[in-house]
Amino acid sequence: MAGQRSPMETGRRLLLVALGAMFVQQSFATLGRNLPPVIAPAILEDLQLDPALLGVYVGTVAFAALVVQLGCGSFIIRHGALRMSQVSLVLLALALAVATLPALAFFAFSAVLCGAGSALSTPSSSHLLGRYATAKQAPLVFSIKQTAVPAGLLLSGLIGPLLTGWWGWRVAMLCGAAGCLAFAIAMQPLRRSFDDDRVPSQAFRLSDLHRTLGAVTRERDLRNLALACGTFSGLQSAFIAFFVTYLVAQGQELAAAGAFFSAATLVAVPGRILWGWLAGAHVAPGRLLGLLAIGMGASGLLLGLSGALDSAPLLAVATLGMSITALSWHGVLLAEAARLAPAGQRGAATGGVLSFGQVGGMVAPLVFAVLLGLTGSYGAGFAASALPSLAVGIAMLRSRG
């Protein structure tokens with residue numbers, strides 16, 4: 001009948017709406033998780049804390065995220081991907097608000113809430129987008145959605161230091177919390193359309209943690225993807241956690257360091273789209289991930305050298321390299337995880353792969369913190385975080401001839 005949409009048109013419309021909603025959701029989730037590290041110099045100075053404790057905070061966030069991602073598949077199936085996206089943002093809003101309370105214990109608790117909230121974001125969006133994107137569309141669709149990560153980092157780097165300079169870090173955190181909460185509420189009208197595949201009878205069991213992990217480790221391709229995710233996430237987490245603090249230690253003002261960080265993350269937006277387009281049509285995803293791994297490993301090593309050599313051009317080149325590699329691989333890897341996942345288990349499989357990423361995101365900042373405490377050198381931490389990605393990249397390319 002005239003005026004009625006064809007199934008193809010309806011599917012395309014739903015994909016575009018889902019992509020837009022998940023883009024904004026991921027942007028706020030990224031802001032919620034990364035705002036504290038970006039304005040960390042002001043927090044550390046106000047609370048008179050050692051910069052090495054930043055690694056403990058980031059490691060705690062990653063540990064909480066690891067536990068939640070291993071068990072999130074059942075909750076996504078039971079309550080729906082849209083609902084769990086809302087829960088993600090509410091938890092992140094609580095995390096930012098709790099961190100402003102006048103006791104260090106609240107900051108530690110906020111790290112747990114932050115990890116739990118951020119862990120739900122990507123598996124939920126992957127489950128939802130995987131329903132509407134075809135296998136050929138998936139790498140580009142997931143890469144476009146994942147440009148929300150540099151968008152969130154851009155907001156953190158620009159707005160966080162600015163608000164901190166005007167009104168203090170606590171106001172900056174509360175503004176971030178308000179944004180997360182507002183969009184969680186704004187997504188509610190979409191739930192009826194996007195959560196119509198939920199299974200209310202699905203129950204969570206502790207065995208789900210083992211089942212999710214086993215589903216990844218038993219399949220060779222998923223296992224290799226998970227190991228790559230661990231090294232990539234470790235380097236990314238160390239970079240995001242310590243980069244602004246590193247620049248401030250080099251003599252830059254917080255606002256200038258935040259602006260430089262934002263400019264660097266902006267480059268990742270076209271990078272993610274480019275890699276997604278290449279993986280969808282021209283280059284095997286596994287080979288592309290291997291090349292990105294070598295690029296990010298080399299860039300991390302150069303970043304470590306830039307401080308020792310006091311070279312601004314080297315710092316700029318290394319930061320650009322980190323942006324187009326260590327901040328740009330996500331869409332390709334997530335699309336590959338969704339493609340390899342068993343039918344109806346996209347959220348669980350993605351959560352399982354990303355749980356390895358959380359291990360890397362937990363270990364690398366802690367190792368960085370230990371090296372910083374022992375040597376006083378940020379370069380040693382960046383180098384230690386970069387070497388695993390370099391090794392994985394070489395192994396991935398060799399395995400493909």
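Using N, Cα and C of the backbone, Cβ positions are placed for all residues, glycine too.
Pulled from TrEMBL:
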type     : residues : note
DOMAIN   : 13-401   : domain 'Major facilitator superfamily (MFS) profile'
TRANSMEM : 53-77    : transmembrane segment
TRANSMEM : 89-120   : transmembrane segment
TRANSMEM : 167-186  : transmembrane segment
TRANSMEM : 225-248  : transmembrane segment
TRANSMEM : 254-275  : transmembrane segment
TRANSMEM : 287-308  : transmembrane segment
TRANSMEM : 314-335  : transmembrane segment
TRANSMEM : 347-372  : transmembrane segment
TRANSMEM : 378-397  : transmembrane segment
Item to check | Best-contacting stretch, by C-beta pairs under 8 Å, relative to the transmembrane segment (287-308) and drawn from 53-77, 89-120, 225-248, 347-372, 378-397 | outcome: 378-397
Checklist entry - Near the transmembrane segment (378-397), which same-chain residues lie under 8 Å Cβ to Cβ, leaving out any that are not at least 6 residues past its ends? => result 224, 227-228, 230-232, 234-235, 238-239, 242, 246, 249, 286-287, 289-301, 303-308, 326, 360, 364, 367-369, 371-372
Checklist entry - Residues of the same chain, at least six outside the transmembrane segment (347-372), with any C-beta under 8 angstroms of its C-beta? => result 51-56, 58-59, 61-63, 65-66, 69-74, 76-77, 81, 115, 119, 122-124, 126-127, 208, 212-213, 215-216, 222, 225-227, 229-238, 241-242, 333-334, 337-338, 340-341, 378, 380-382, 384-385, 388
Checklist entry - Short question: which residues 6 or more past the ends of the transmembrane segment (254-275) have a Cβ under 8 Å from it? => result 38-39, 41-42, 140, 143-144, 146-147, 149-151, 153-154, 156-158, 160-162, 164-165, 243-244, 247-248, 288, 292, 319-320, 322-325, 327-332
Checklist entry - Would you call the transmembrane segment (225-248) and the transmembrane segment (53-77) in contact, using three or more Cβ pairs under 8 Å, pairs 6 or more apart in sequence? => result yes
Checklist entry - Counting only residues 6+ away from its ends, which parts of the chain sit with a Cβ under 8 Å from the transmembrane segment (89-120)? => result 25, 28-30, 32-33, 35-36, 47, 57, 60-69, 72, 75, 170, 173-174, 176-178, 180-181, 183-184, 351, 354, 358
Checklist outcome for this item: The answer for the transmembrane segment (167-186), taking Cβ pairs under 8 Å and residues 6+ beyond its ends, is 24-25, 28-29, 31-32, 35-36, 39, 42-43, 46, 85-90, 92-97, 99-100, 156, 159-160
Checklist entry - Any idea what the model's mean pLDDT is for the domain 'Major facilitator superfamily (MFS) profile' (13-401)? => result 90
